[in-house]
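Below is one structure; the comments refer to it alone.
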């Protein structure tokens with residue numbers, strides 16, 4: 001069960017950038033004493049149309065709704081109806097530039113083409129249409145309907161394309177969530193290790209502790225097999241996404257509810273109140289734990305029902321996701337540094353291959369990892385294996401495909417397993433948390449490096465490419481400097497160096 005949960009968590013091991021396509025904003029204003037305004041996403045061709053970068057230099061036009069026609073013939077529209085207006089028509093069999101020429105010859109100043117399918121890039125042969133200078137933009141038909149319902153029939157519109165921000169402050173929130181989750185998960189693993197050591201030192205507690213123990217240990221062979229299954233699952237998701245995505249959603253609901261329960265139960269166990277018990281089927285259970293289980297289940301169900309509600313569902317997804325990562329880092333134990341190197345090294349290759357190499361293999365030249373993380377082929381359902389934070393800087397990307405900054409669970413869990421091993425090794429050898437602190441700082445440095453490269457390259461980054469070297473090299477240097485590399489590599493037994 002542990003390996004299966006990590007398997008689908010790793011499918012989100014990718015940090016996605018702002019969209020860098022020719023995206024812009026349609027700013028619409030309704031009529032009235034206090035006009036209502038709203039922004040919508042558009043796609044345009046920057047080689048055909050040059051849009052202003054702000055509203056200060058934009059010119060407003062009255063919108064003429066002609067979505068009853070596709071404008072493939074000038075005879076479809078009465079004479080004079082388009083003069084000096086922004087016209088919206090439906091996408092049809094003729095090309096964008098053919099529509100634009102007809103609209104321009106009829107006196108229109110802007111052409112919007114409504115599409116009922118996913119917005120795609122605008123590209124036609126411009127050679128035979130050099131005389132067409134009309135601004136052309138693609139917009140979804142649902143946005144046109146929303147515009148009518150929200151702003152009324154008399155609407156003024158303009159187009160502009162603000163520059164993509166070099167840095168979005170949502171990344172700071174992502175950074176704090178990731179680093180604190182890794183640090184807390186590693187610390188919790190160390191607490192569990194200390195309890196194990198005490199149980200071993202006290203024969204009376206050994207049996208009780210064994211019953212409570214839920215840890216799963218990865219061996220080198222298990223690691224290799226696991227990474228191979230990861231590759232197969234990612235490819236299956238790429239080809240059968242629209243079915244498998246619901247399997248992943250179901251697994252997330254179950255695993256996150258259990259994880260949230262385990263996290264909160266650890267806190268509730270420290271409270272000396274409400275410990276009354278009930279007996280059922282020769283078993284006793286605390287009443288407060290029953291209420292806690294109901295609460296955690298309800299949280300997962302609420303997320304499942306409202307998962308596509310962008311205004312607040314991301315908060316619940318992040319809470320469930322953090323609980324999942326914390327519980328996983330605490331539960332899955334790496335027996336030694338050797339297993340950590342194999343796991344992190346293979347997953348680094350896995351990440352790099354599916355991000356940078358697969359574009360040379362796929363027919364559309366897209367990365368399999370990026371396609372799966374973003375939802376391939378315009379699928380509205382997204383994999384719930386990411387931490388999501390709304391973008392705080394205003395740009396076209398906040399209206400279009402990616403209004404959120406994303407970080408995959410795998411970018412937290414995988415390095416977190418090494419941090420947890422370092423913490424347990426500190427406990428076993430009484431080394432004053434030097435390994436744990438050093439590895440956590442290295443993880444934070446790796447995250448900062450990932451953000452810097454993301455801002456510079458403007459393309460999806462396999463965060464493990466930067467996190468794995470930072471954490472592995474730092475841990476190795478600490479072990480080498482302390483002359484404990486052999487013990488750190490093979491793993492220390494509970495008895496060696498530990499003092500109660």
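Every residue number used here counts from 1 along the chain in the order it is shown.
For all residues, glycine too, the Cβ spot is worked out from N, Cα and C.
Pulled from TrEMBL:
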- 1-21: signal peptide (SIGNAL)
- 72-144: domain 'PA' (DOMAIN)
- 169-188: transmembrane segment (TRANSMEM)
- 216-240: transmembrane segment (TRANSMEM)
- 246-268: transmembrane segment (TRANSMEM)
- 289-306: transmembrane segment (TRANSMEM)
- 312-329: transmembrane segment (TRANSMEM)
- 341-361: transmembrane segment (TRANSMEM)
- 402-422: transmembrane segment (TRANSMEM)
- 434-457: transmembrane segment (TRANSMEM)
- 463-480: transmembrane segment (TRANSMEM)
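Counted as Cβ pairs under 8 Å, contacts with the transmembrane segment (216-240) are highest for 341-361 among 169-188, 341-361, 402-422, 434-457, 463-480.
Tertiary proximity for the transmembrane segment (434-457) is limited to same-chain residues at least six positions away from its ends with a CB under 8 Å from its CB atoms, namely 15, 17, 166-167, 171, 175, 178-179, 182-183, 186-187, 190, 415-416, 418-419, 422-423, 425-426, 463, 465-471, 473-475, 478-479, 482, 488. Secondary structure of the domain 'PA' (72-144), assigned with DSSP and counted as helix (H, G, I), strand (E, B) and coil, comes to 20 helix, 16 strand, 37 coil.
Three or more CB pairs closer than 8 A are found between the transmembrane segment (463-480) and the transmembrane segment (341-361), so contact between the two stretches is assigned (pairs 6 or more residues apart).
Same-chain residues lying 6+ beyond the ends of the transmembrane segment (169-188) with a Cβ under 8 Å from its Cβ atoms: 266, 318, 322, 325-326, 328-330, 387, 389-393, 404-405, 407, 411-412, 415-416, 419-420, 422-423, 436, 439-440, 443-444, 447-448, 451.
The average pLDDT for the domain 'PA' (72-144) in the predicted structure is 85.
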